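S.K.: Right, I'll just put the structure down here and ask away after.
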């Protein structure tokens with residue numbers, strides 16, 4: 001078989017590693033074969049391609065960064081200052097340690113560590129959304145550098161390639177996703193958009209991706225707006241909405257998504273974006289409305305089903321929540337969080353026989369210590385409802401062994417010790433709880449009461 | 001004055017605890033009802049003071065300030081150039097905050113925390129006004145840049161564009177000509193106040209310095225303030241009054257402070273003085289003083305009493321509110337007193353004058369008999385007259401306009417003072433020869449920098465060398481617009497290649513009248529016969545030639561290398577002959593090649609700029625990374641790597657500073673280039689008159705947007721694309 005045909009076939013079958021190998025072999029013989037060069041570039045890009053729309057983490061409060069215009073926006077107009085839910089039933093809905101509502105599914109941005117912005121940065125986690133991707137892609141680039149890099153980016157005549165409409169886009173994606181070299185990708189995009197006389201919306205989106213990477217959010221906004229004038233595409237709407245989320249203007253993002261829905265009625269991606277946005281500003285009713293519309297369009301959408309389930313759970317309808325979670329389970333999802341939720345639903349729906357099996361499954365599946373801690377914390381609650389204080393204490397201790405900085409667990413332990421008469425131990429636990437999370441009100445209040453006595 | 005100060009006391013007084021930049025103060029009803037004081041701070045932020053905010057919620061993590069819950073800050077991240085508010089979104093009563101920086105304009109919905117629009121203004125934003133203009137139904141955001149004015153609608157689309165010669169310091173919407181629709185009044189860095197009606201400029205006033213503020217007053221008047229400390233009021237073409245101070249007015253507003261039904265003009269000065277003047281006369285009616293320079297004066301219902309208060313903000317953040325005084329205590333008494341005082345003063349002056357005349361008369365009677373000359377007694381003959389002649393002098397090395405002042409007898413001129421606007425560095429020029437060189441005639445050379453008609457007020461002190469008192473003679477003359485052009489003798493006549501040519505239907509006799517009125521020629525030009533009338537002139541500024549050729553068929557050609565002169569001539573001739581439509585052919589090869597070069601330079605500058613910006617953004621992310629790493633090392637007690645990180649950070653910082661300087665250079669170059677381009681376009685459009693001129697501008701704009709250099713050249717030549 002002709003090696004090029006073989007390589008193409010491999011590429012189509014997504015066997016990118018093999019395809020790269022074959023292409024490399026051809027290129028050794030014919031170093032100037034553009035078709036093979038192109039194919040190898042595509043294959044290498046595809047191998048490491050990440051959907052940067054869904055994996056992008058919007059830094060909630062990024063330090064050294066003040067893209068957001070308002071520092072103290074009116075409640076309800078910002079992700080930082082969400083309104084309190086109106087009904088008391090929903091007020092009990094827990095929040096993450098950073099004050100954001102717990103969402104139905106875990107996705108980037110919904111789980112943040114407690115503490116201030118700078119505290120969070122002191123951990124080994126990536127600093128910004130940008131550097132996260134750069135690090136990830138940087139390692140990917142190293143993998144392929146067995147015999148030196150495939151393309152010497154610094155030697156590339158970018159303005160020459162930018163004029164070639166067939167090569168330029170592939171080269172851009174290679175630079176952006178594979179090399180993680182945003183600056184050169186940007187330069188290529190600038191040349192390319194000039195050479196096509198600013199008529200290709202694709203390049204504008206590409207430019208906006210680069211600008212977002214370099215944290216030049218306003219420039220990205222401009223490019224996307226101009227792209228939107230030329231061509232309406234779901235991706236552009238969502239990217240633009242993300243820009244406004246970065247600028248902490250959720251209402252602008254909602255406006256963009258709504259205009260997107262006018263162009264693409266009932267589009268699931270846009271509706272998901274809208275539902276998440278409303279959830280982020282604690283506007284539960286419209287959020288659930290959008291999740292329900294999503295389910296009508298796409299009955300297999302896990303995120304929507306789980307979110308509706310959670311809504312019912314915190315709305316004192318555990319039976320309904322159970323139905324939704326079982327639906328997720330029936331679709332093949334198999335995660336400790338799901339079993340944990342199922343267990344809790346069973347507890348509240350009085351299906352007592354299923355509580356322990358669910359939690360057992362959850363514990364079996366849990367690998368992440370943080371998740372494990374949460375499950376033990378929930379189990380302690382089950383024990384309390386059964387009236388078994390000893391078991392509850394044990395569960396909480398196990399929770400703390402998995403995650404030593406679990407402030408609610410510390411607080412609850414303190415309360416339990418206080419009940420059993422060990423006031424001094426309780427005080428110690430409360431003090432450590434309030435040092436671990438100074439923003440949690442319960443330990444503070446409890447401590448005050450204890451000190452009063 | 002003491003008496004006045006006691007009458008009006010501030011109704012409220014508080015501190016913002018922020019340094020406020022002068023001029024960056026406005027007030028807006030962001031929720032549609034409650035006014036919020038808004039000001040630009042020295043740290044690139046915009047401060048919003050909202051005392052009416054209902055108990056600020058403590059939910060979430062509001063970053064409102066610990067010290068003052070009423071103040072919230074907006075990050076702008078660029079130097080704030082100007083701020084204003086206006087309701088620009090249709091069907092929304094809430095005010096939109098509009099912030100201009102050196103390169104962008106942001107229209108921001110404060111209440112909903114969202115952008116209305118955000119767009120690049122490569123020409124910078126120096127001033128903003130919101131109002132209805134032309135035939136647009138919704139308000140227009142008019143943005144004055146470094147050399148142009150842009151108009152945007154509420155979506156950020158450009159709907160108006162026109163070049164202005166220099167930095168636009170202030171933009172104002174007002175009904176200038178009492179026709180019920182708004183005109184655009186613009187003040188620019190070349191000392192002009194220009195009035196636009198639609199795309200056409202309908203009036204122009206020239207001031208002595210850069211006009212910094214404009215404000216509309218009731219009854220179609222507007223007030224202005226000038227960099228050199230002048231404040232004045234215009235009613236259409238005529239200036240009602242003006243006053244000058246050694247401080248600079250930083251804010252002008254009008255408000256009925258004294259309860260006189262007609263609002264007064266309130267001026268805030270850079271030294272912290274606030275004064276309240278009568279709109280009609282400029283008389284000071286009230287004065288107050290704040291601790292620091294005034295940053296801005298606005299009005300709004302800040303106490304929720306249903307009536308607007310006058311709010312003065314100082315640069316140190318002090319806020320003082322005043323309200324209309326209900327009744328002025330003892331006003332009637334005061335009026336009487338004032339009138340008596342005034343009359344007494346007048347009487348005093350008249351008595352003095354009378355005494356002087358009596359003395360003179362007595363002396364003149366005696367003079368015939370006495371042997372003493374006039375000289376010894378310091379009195380001049382009664383028949384002394386002062387003569388003045390204004391000519392051009394092209395023979396010396398520095399050609400100029402000469403003012404020749406002489407007396408008709410042996411009296412000497414001790415000194416001559418000339419008052420005129422815009423000729424001298426300040427407003428006046430004094431010539432006082434040394435005692436030994438006194439004579440009865442004096443030559444004053446004048447160098448006129450611009451082709452504008454100028455009124456010169458000459459005051460000559462006439463007497464004798466030993467006189468203690470001098471007689472002052474006052475003469476006022478108007479210099480014609482094109483004074484700096486001298487008639488050329490026949491030798492060495494050459495025609496410049498560049499020209500502007502057009503056709504008018506007018507008798508040559510009337511054109512002769514125009515020439516005689518607008519040029520300073522030794523003899524009046526007359527047209528007797530022949531196919532055409534040719535006037536050869538020499539520009540006294542740069543020695544270039546100007547040839548005006550009027551053919552009997554109506555064809556007019558001005559040959560000059562100076563496009564500014566060409567356009568000035570066209571405008572002057574057309575306004576004299578009341579022509580409101582004129583199309584012309586022009587050929588200015590020098591300007592064209594310059595324009596080409598400038599456009600090329602501009603595109604290369606812009607390219608470099610985008611690259612520099614990405615450089616900075618890239619470095620910033622590296623800095624973030626290093627700060628965190630250094631902080632981590634500090635916590636881990638790894639002092640060595642911490643020091644390494646900080647050294648690296650320092651180097652990066654230096655690089656950033658260097659990069660910033662390069663960017664600044666690039667920015668300034670860009671601004672200069674843009675300014676020159678716009679100036680050429682402006683002059684090109686001024687070679688045409690009326691709708692043709694406006695049309696040329698619109699087409700130039702579209703050519704620049706599409707980078708159509710050839711089209712631009714064609715518009716310059718023919719006026720149409």
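Think of each number as a place in line: the chain as shown, counted from 1.
Any Cβ shown, glycine's included, is placed from N, Cα and C.
Pasting the feature list from TrEMBL:
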type: DOMAIN; residues: B:26-131; note: domain 'Ciliary BBSome complex subunit 2 N-terminal'
type: DOMAIN; residues: B:171-277; note: domain 'Ciliary BBSome complex subunit 2 middle region'
type: DOMAIN; residues: B:397-482; note: domain 'BBS2 GAE'
type: DOMAIN; residues: B:488-577; note: domain 'BBS2 platform'
type: DOMAIN; residues: B:589-686; note: domain 'BBS2 hairpin'
type: DOMAIN; residues: B:694-717; note: domain 'BBS2 C-terminal helix bundle'
S.K.: Do you know the mean pLDDT across the domain 'BBS2 C-terminal helix bundle' (B:694-717)?
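M.R.: A mean pLDDT of 86 is what the model gives the domain 'BBS2 C-terminal helix bundle' (B:694-717).
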S.K.: Out of B:171-277, B:397-482, B:589-686, which stretch has the largest tally of CB pairs under 8 angstroms to the domain 'BBS2 C-terminal helix bundle' (B:694-717)?
M.R.: B:589-686
S.K.: DSSP helix, strand and coil counts for the domain 'BBS2 C-terminal helix bundle' (B:694-717)?
M.R.: 21 helix, 0 strand, 3 coil
S.K.: Give the residue counts of the domain 'Ciliary BBSome complex subunit 2 middle region' (B:171-277) per reduced DSSP state, in the order helix, strand, coil.
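M.R.: For that range the per-state counts are 0 helix, 67 strand, 40 coil.
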S.K.: Please spell out the DSSP helix, strand and coil residue counts for the domain 'BBS2 hairpin' (B:589-686).
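M.R.: Helix, strand, coil within the domain 'BBS2 hairpin' (B:589-686): 95 helix, 0 strand, 3 coil.
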S.K.: DSSP helix, strand and coil counts for the domain 'Ciliary BBSome complex subunit 2 N-terminal' (B:26-131)?
M.R.: 0 helix, 50 strand, 56 coil
S.K.: Count up the helix, strand and coil residues in the domain 'BBS2 GAE' (B:397-482) according to DSSP, in that order.
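M.R.: Per-class counts: 3 helix, 46 strand, 37 coil.
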